[in-house]
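Trainee: Have a look at the structure that comes next, please.
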């Protein structure tokens, strides 16, 4: 063998090139579609690569993670929503493994079907409430100064009304007007009932509260999902506790010859006893929260309105008027639970990003607010 043949470098096989292309495709699929963190993208990359709106994030302290091409989202915080989801999944799986067959043949198949329906609906509403757009308002719509490409600082002081709450015109003499407030961070006039969430750092339509267990704001577009999630979660826990209770104490009917005492029953069916205790403990927080939101929706109030204007207000001069109350409990309940349409998203994350779109640009807060 000659020296040239001995030290020559063979070309890379086509299989190796195809493997590298596959790895690159998988990496792009995972980081750009399946799970996307816009803060990890290189600044200015949207100018070279055709990007979607969810892949562009220039605002400070706005930390979202997007899933499935921007169709789902979650705030970059402690993953308490993951713990909540696991706490819903595990009891359902244990039920189907250890309880479903026994209930099907010893009690009634319809109970298994009913619980499965409750569980699936709970999971569905959990995903919708925790990972959908709650009604985020677009930024930089009402900027009180001219914008140039080189500088995004205010050119002049904005008018005084940008620093005060103004009231819309109203007819009734015994009612106060609906107040509007300008958000210095988002640079928009907020619609009535909208509020700025300090966690999401965004203005939300009909902002109710920021739920740490769902890791998402609860607003106009997902409040209905939140209500039904609470309802079916409570119903599922009650049904599971009853089913597990029946299984544990089935020996009392004299139909279980191998079990004669409570100790022997929980020794033979430990998962049934565990599910019974788990479902009862799981009711401690969701059940009172459900009752509280039934009360709020009966008056068409939000959580923020109740705690800021109703609860603990002793000064008669600070009279709060709920302009959204229809004065009918049933109509208020219908509006919040069934009647109100979800509406469309004002910031469509799946649309193609247009370079220079002011909604996604970083602008400094107004000077009077930042001082």
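From the backbone N, Cα and C atoms, a Cβ is placed for every residue, glycine too.
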Trainee: Please indicate whether the topological domain of residue 30 in Swiss-Prot carries the same name as that of residue 259, placing both on the same side of the membrane.
Mentor: no
Trainee: Of the ranges 170-190, 191-211, 254-274, 275-295, which one does Swiss-Prot flag as transmembrane segment?
Mentor: 275-295
Trainee: Which stretch, out of 38-58, 59-79, 80-100, 143-163, is listed as transmembrane segment by Swiss-Prot?
Mentor: 80-100
Trainee: Looking at 2-22, 107-127, which stretch does Swiss-Prot describe as transmembrane segment?
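Mentor: The listed stretch tagged transmembrane segment in Swiss-Prot is 107-127.
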Trainee: With every protein chain in view, what's the tally of Cβ atoms within 10 Å of the Cβ of residue 211 (active site, S-palmitoyl cysteine intermediate), excluding that atom itself?
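Mentor: Other Cβ atoms within 10 Å of residue 211 (active site, S-palmitoyl cysteine intermediate): 21.
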Trainee: Using DSSP, how many residues in the topological domain 'Lumenal' (247-274) fall into helix, strand and coil?
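Mentor: The counts are 18 helix, 0 strand, 10 coil.
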Trainee: Hey, which bits of the same chain come close to the transmembrane segment (107-127), Cβ under 8 Å, at least six residues off its ends?
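Mentor: Same-chain contacts beyond the flanks: 72, 84-85, 88-89, 92, 95-96, 100, 214, 225-226, 228-229, 232-233, 235-236, 239-240, 243, 246.
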Trainee: Return one of helix, strand or coil for residue 211 (active site, S-palmitoyl cysteine intermediate), based on DSSP.
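Mentor: The three-state answer is strand.
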